[in-house]
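Peer 1: The structure's right below; bear with me while I get my questions together.
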Number of protein chains: 2
Amino acid sequence: MNSPLKFLLFFLFNYLSIASSNDQYNPLDPLTPSELTQTRDIVKGFINSTKNVTFHYVGLDEPDKQVVKSWLSSRNNMQTPPRKAFAIIRHDGKTHELVVDLATSSVISNNIYTGHGYPTLNFEEQELANQLATTYPPLVASMAKRGLKIEEVVCLTFTVGWFGEEKSNRVIKVQCYYLDGTVNFYMRPIEGITVTVDLDKMKVVGFRDRAIVPVPKAEGTEYIESKQVNPFQSNLKEKLVQSSEPSFTLDGNTVRWGNWQFHLKFDMRAGSVVSLASIYDPEEGGYRSVLYRGYVSEMFVPYMDLTEEWYYRVFFDSGEYGSGLCTGSLIPERDCPAGAVYMDGHLVGQDGTPRTIPKVFCLFERNAGDILWRHTEIGIPGKLYTEVRPETSLVARTVLTLSNYDYVIDYEFKKAGTIKVTAGLTGMIEVRAAEYTHKDQIKEEVYGRLVAEKTLGANHDHFLNYYLDLDIDGDANSFVKTKMQTKRVVGNQSPRKSYWIATSETVKTESNARIRLGAGDSELSFVNPNKKTKLGNEVGYRLIPGNVVGPLLTDDDYPQLRGAFSKYNVWVTPYNKSEKYAGGLYVDQSRGEDTLAVWSRRNRSIENRDIVLWYTLGFHHVPHQEDWPIMPTLTGGFELRPADFFEYNPVLYAQSTSEVE
Amino acid sequence: MNSPLKFLLFFLFNYLSIASSNDQYNPLDPLTPSELTQTRDIVKGFINSTKNVTFHYVGLDEPDKQVVKSWLSSRNNMQTPPRKAFAIIRHDGKTHELVVDLATSSVISNNIYTGHGYPTLNFEEQELANQLATTYPPLVASMAKRGLKIEEVVCLTFTVGWFGEEKSNRVIKVQCYYLDGTVNFYMRPIEGITVTVDLDKMKVVGFRDRAIVPVPKAEGTEYIESKQVNPFQSNLKEKLVQSSEPSFTLDGNTVRWGNWQFHLKFDMRAGSVVSLASIYDPEEGGYRSVLYRGYVSEMFVPYMDLTEEWYYRVFFDSGEYGSGLCTGSLIPERDCPAGAVYMDGHLVGQDGTPRTIPKVFCLFERNAGDILWRHTEIGIPGKLYTEVRPETSLVARTVLTLSNYDYVIDYEFKKAGTIKVTAGLTGMIEVRAAEYTHKDQIKEEVYGRLVAEKTLGANHDHFLNYYLDLDIDGDANSFVKTKMQTKRVVGNQSPRKSYWIATSETVKTESNARIRLGAGDSELSFVNPNKKTKLGNEVGYRLIPGNVVGPLLTDDDYPQLRGAFSKYNVWVTPYNKSEKYAGGLYVDQSRGEDTLAVWSRRNRSIENRDIVLWYTLGFHHVPHQEDWPIMPTLTGGFELRPADFFEYNPVLYAQSTSEVE
């Protein structure tokens, strides 16, 4: 059968299957609100204590990968894998890990975690801590001493990190800011005061007022449109309209668009999770797997300011604050273009009760005016051909707001098989108040740059680690480094003196798979060594990095021990269900013991087996005045592009026009 | 006056000025068809010979930069700078450089170039050479010997480069391909035969039939939609519509959009040229210059195959074949989205007669669903704010087709002040025919990879050098390297052990401005040391590289001597009107004597003066099966982003909605 015909049949089949399908269920589907409620009730019944139980994570306890894969291949012929929930709670000063069987309404296991580190903070305890601080009499007095109105003071909780202490309590530090004329309190830090709150006891356990620094002015910091005196007209008339009916379908959590299908779910810890991404191959007449699972596994944001109130600002946003918990509702026609389709997400509050985040995802088709492929042919005498296929892609977006910073997390699926992953950084930089009104007044190291009057933007990094469990046409994969090497011409082999050759090497173990990227003279790819094209090439995908950044902290520094995944851009490990987060499961006050860098030290074999790519996307940020008072988006990312995955260009037969034109 | 008010006044002024303006003239405007005709006639009259005169370049001889700048600042009060043309012709075996005064219809200067290298090939001589080859009896016999139909043979001209020869003639080599069942002849090379043609004598001067290799099959190579048996339906329904009236204006060659204005022109050699890009600053109440001039100054594409018919394939596409000459007409709603605005370009044929390329440029507003800036604020008790400003940008596009490869050249202007420069690579890879049908049969070095049956995709590089005459708020600029350096904590300064600081250094001379980029631990910026923000920061722009690639050929190799600009990603030189092309003015058979690498060796001062950034964007290409028979677009690029250029975020006051919504 020729491939265009196969493709037609595929779409026919696909259409019928969507039209007749009522299997909205997938074993990876996130817990529903009623399952979350059920989990809460089972856990509370099990603990059965007069003491407070606080929930820090509830999510699906996923069936084993092989069970999911069997289910997918057999579908209705196989019994549905049982639904189980995984919960992390605090009770009586201890962290419990509970697995709950929802069919039997019973707790299957209850493990008390005794290692270092604490679970993700929940919103309620942070709010309580802030309230404690703002009503704490010494703090009230400190504000009065500075002539600040206490009702205009807003406080934020800061994780305290770990700096070699032997013992630790579950504490956070509270730092305060000033509103009084602006919503943008981040630009008005109140320096010199630290309130320490014990979260288990929920009381103030430390207070220090060290120094008075004038609060930077409110003028010019407001970004809320309705509060601006006279926002200017942009003279842009451009308006884009998508057809009312999107050309993708949502079948439960499964998205189908063009030749792609994938499962999209919201998780309270990880946020946006892409699973089971596979692409239809008309030559093979079926879907072929690419990515079993992808999500941001950790975010490491160390600031470079050694001041007493600043040195511990080395945030692990995902583990400490929760990427899912901090994901917000998207604003239609602002966060996503007109015509986008939205999905809700569910999580639980401190008491285990479900809460819905409306519009936590958007899905939209991007038509940015790019070109899928083209050629103009003038080489044939008397003829002129120009063939162009415009590019359209599908974007799945979430936006995380981690206090000051907003992260736009996009997974973009392209017709030619590429998955493009991007992170956009916007929101507010963290600033420190200082006396300076001019650069020339600065004679000491201030750990940043003057971005406004009396306002220092602190130098910092962002490292996002992406967990990418690639299953390139099956789960037994290998990691291949193709090195481009300069060769000298020998003798009179050629009038040239040099050329380069590409030599491929399969990486055997984890230690050789740790790579710091630089000026690219190698190609990194993930292949299935058991599946070859007709020409004998191993089917694969290659990694195309964007702008590359490496770490600058020393290996022995405490933040770097915890965020050691930032040392390399690329890590490859054998798949292990328990290795989910590059910075570990319990990151608040962690000591780096349960992290990617430690797991990888075992130097396991990664050849021809189920392997995981961990990609670290980094940014060094030296702030500039344009970043004040709110920062224009800065974007970074990488691509996974098919490399001998297909027998030929998979969009060769794409039509130049879309159906509805 | 507060800035929103200033901005309102600006738009009012702008509107009036556009509405009442009839000064379509700008001293940088390209030569009109009638000026090109006039130039032809003047040159032909001046040479006044029975011998053939061939034109290889005609373009505006630009007024000196200071004259242009004076004219711009005074406009109608100053006399229009005289219009002059610069022409490169061949006559009687010599290369002439002529400057023509169009007002007086006279030749001001006639310089006979006696250095190495020849001017850009014109289409007509390449066509003639191909015709000579296809009718050359030994070639006809060679085709018959292979059982190939001569009427299905198509030939292409290949520049011969320079490999240490003492003497040279103006020759090219002709290689042939086979149609017979496909338009995509590039996938059907006829190996082993070389025809050498002397272009001045226009006769065959060499012929060699060295080896017979079967021609790869036509099946599966066709990309012309109307010739495909059954192109599949894409099931994408998405359609985007731009408002019928674009929100930019074209005033002659001057484009105004949002806060940007720039001059866009087509040049026969350089292709797309952006000049006088400046951005409106409401704080200053006027436009501030950013980029005096930007264009692709050279493209260097060395192949890594040492075979007799391949070793010399080290193309300098811009200088040898002409970026402008090879720019094609854009196809509406394919090459550029609906609603795009098109501009024509003019150049001359071999006989000096003007020819118009319709729709050589397109301008369109890109709304890719990106976010200009955003923030969600949940930190203020009882309040929730979400503010989002969607991103829109303006793209100026040309597409170059250099035989097999198509390059999509975009200059994208963003509201927040960023200029994003991208090159998309598509079209056909160069392949060599070989006997192999399976990878395992390959036992020797084949300089590439098997991409289809009997088809080797050759390893190669693409280096695009961009000339960027930055005039950051004036023409006296400096180049500043800000290095991020790890510091160890001393004593009990902090519980931490390390941090990094950013140390800026102004680069004094050219030698220290040659930079090979890698894992980014420095920020490169261009500042005006004479203009400072109120806070005392030098106003500047910074360079944000994308994926970075370096050269792999040895420094002493002939192609690398000619393309030495590829050795570094960044070069900075003092502005010099004569230094326009990184590979020199006469590139065909050049010896690298008149190139960026040579000019830069003088190690001139680059501090606080008019300086030029030369940025090399590179790609290493190891072909894969997906690249056959036509390659999905691969994109690379870089950004220039304001860094303390503005007092604060220049889009802080952007409205969340556009006017017409």
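Positions of Cβ are set from backbone N, Cα and C atoms, glycine also.
Note that TrEMBL annotation is computational and uncurated.
Take a look at what TrEMBL says about it:
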- B:1-19: signal peptide (SIGNAL)
- B:27-112: domain 'Copper amine oxidase N2-terminal' (DOMAIN)
- B:120-215: domain 'Copper amine oxidase N3-terminal' (DOMAIN)
- B:240-652: domain 'Copper amine oxidase catalytic' (DOMAIN)
- B:ASP317: active site, proton acceptor (ACT_SITE)
- B:TYR405: 2',4',5'-topaquinone (MOD_RES)
- B:TYR405: active site, schiff-base intermediate with substrate (ACT_SITE)
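Could you tell me the structural context for the features on the list?
Peer 2: In the predicted model, the domain 'Copper amine oxidase N2-terminal' (B:27-112) has a mean pLDDT of 94.
For the domain 'Copper amine oxidase N3-terminal' (B:120-215), residue counts in helix, strand and coil come to 27 helix, 32 strand, 37 coil, using DSSP.
Under the three-state DSSP scheme, B:ASP317 (active site, proton acceptor) falls in the helix class.
In sequence order, B:VAL301, B:ASP317, B:LEU425, B:THR426, B:GLY427, B:MET428, B:ILE429, B:HIS462 make up the list of same-chain residues 6 or more apart from B:TYR405 (2',4',5'-topaquinone) whose Cβ falls under 8 Å from its Cβ.
Look at B:TYR405 (2',4',5'-topaquinone): DSSP puts it in a strand.
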Peer 1: As a quick check of your reading of DSSP, tell me how many residues in the domain 'Copper amine oxidase N2-terminal' (B:27-112) are helical, how many are strand and how many are coil.
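Peer 2: Within the domain 'Copper amine oxidase N2-terminal' (B:27-112) the tally stands at 28 helix, 31 strand, 27 coil.
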